[in-house]
Structures are given as C-alpha cells and as structure tokens.
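A short worksheet on the structure shown next.
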Amino acid sequence: MNDYIVVKCGGSMLEQLNDVFFDCIKKLQQQYKVVIVHGGGPEIDAKLKDCNINVEKRDGLRVTPKEVMDVVQMVLCGSTNKKFVMNLQKHNLLAVGCSGCDGKLLQVQPVSEEIGYVGEVSYVETALLKGLINMNYIPVIAPIGIHDNEIYNINADTAAAGIAAALSAKELILITDVDGILHEGKLVKKTDESEIATLIEKGVITGGMIPKVQAALASLKMGVQKISIVNGTKDFTEDTGECIGMTVTRGVSIV
C-alpha cells in the first residue's frame, strides 16, 4: 500500500454524498494512501450574498479582494471543512481537516493583481500529508494557500492536481454527479487530451462535463498520470481499488 490516491470533491457535491461514497473511500483506503481535497463554491457564494458582497468572475475564477478572501477562508477552512471531516468520521473514517496554510502545506504564486488573492500551487509540503497518513488519518484539505505571509484562494481542481503531482499519486479522482460521457450510445471509459478536443467539437462532451474534462487536462499538464471522473452518488470503486468511471490519460484511443 505505497501508492497515493487524491480525491477531489467539489462544493456542489458535498451535500449529495451518501453512504455509498464513504464505502468507496473505505475501499480505496484498503489499497492506497488517500488524500481528499474539497471545494466550497456554493456555500461561499451564499455567504457572500448574506454579507452583501458582490461577486465578479473572470475566466471562471472568482475575483478575490481582501473582503472576499476573508469570507472564502471562513467558509472553506471553517464550516465546509469541518462538516466534511465530521461526515467522514461518522462513517468510521479517521480524518484530519486542514487548509493549505497549515504547516505551509500549499505555497502559491499569485495569478494576477487584477484577480486579487487567487493563487496557483507552486510547492506542496508533502511531509505533512505523509505524516498524517502514516498515523492512519485521511488528510482533508481546504484549498487555501500562502504567499509572502498572505492567504490566497486556490481553485480546488488545481489544488488537488498540485497535491497529486507532488505525491506522484497513482491517480486523481474527480467526484461528479453524472456517470460520464456517452459516445455512440456507450459510456466512454478511456480517453486522452487530443480526443477530448475532438469529443467537444463533435458535441459529445457538453454542458457541465466540459469544465470537468478541462480540469483533467490541466491535471495532466501538472504531471498527474491518470485522472478518473466518477459518479460519487454511486459505487465508483471496485474491491481492488480500481475506479468505475471515465479515465483520462495520455495516448489512449477511443474515437
């Protein structure tokens, strides 16, 4: 059990998770060392609305001045992270919640001044993750990072990809609420970066699946070797630890 697996669960999925999801995490933990990264977009947007703070997005990223960053930190590192940890432990999965600023876990480079406190992962302190795992805990990471003693928001997909690449993880698993992509009436089980562009052009990949495959492509560029996009509301893990869903790698032909 030397291989690492990183599981990314978006904020919109957190309220949909059922017993099946936690059973799958247990199966993964029997075969691999598991790290979980979560988002929190819907809860952040709701809290910003409650605070009467307007939200602007550019290229899919939330513009994050200081007042927005304070809310993002409060939600991700507070309620969202702790509720997820408690849910895992309710299902007998020992977990420790932390953010990327704890122990300088996730160090970032700012994306741009125009977008505010938004960063991209530049360094991962893997010793902290390995230490928690060696004590039989599942690290549950809120995607917040640090740069020059300031706290930055990180897109959860890229945070998960950065962690997976730093750990040389066997696989990054992206949790969704759909089974995958249908091509000519069949579920696509394997694809690669070049064929994803073809499938988008043909209209096979549409709607909400487009950002998911784009996240997979970005992960490949960061050095992750294998990304699985799975339906977290169903059994997505074999007893062997293999995922049931769509796998994105390099050089696999399906079209």
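Just so you know, glycine gets a Cβ as well, placed from its N, Cα and C.
Feature list (source: Swiss-Prot):
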BINDING   Gly40, Gly41, Arg62, Asn153  substrate binding site
SITE      Lys8  site 'Transition state stabilizer'
SITE      Lys212  site 'Transition state stabilizer'
Position of peak Cβ density within 10 Å, selected from the binding-site residues Gly40, Gly41: Gly40
Cβ atoms near Lys212 (site 'Transition state stabilizer') (within 10 Å, other residues, all chains): 22
Distance, Arg62 (substrate binding site) to Lys212 (site 'Transition state stabilizer') (CA atoms, angstrom): 17
Cα separation, Lys8 (site 'Transition state stabilizer') to Asn153 (substrate binding site) (Å, whole number): 16
Helix, strand or coil at Gly40 (substrate binding site) [DSSP, three-state]: coil
Chain-mates of Gly40, Gly41, Arg62, Asn153 with C-beta within 8 Å of site centroid, substrate: Gly11, Gly39, Ile44, Asp45, Val72, Val75, Leu76, Asn155, Ala156
Listed recorded positions (Lys8, Arg62), ranked by Cβ neighbours within 10 Å, top entry: Lys8
Length of the line joining the Cα atoms of Lys8 (site 'Transition state stabilizer') and Arg62 (substrate binding site), in Å: 19
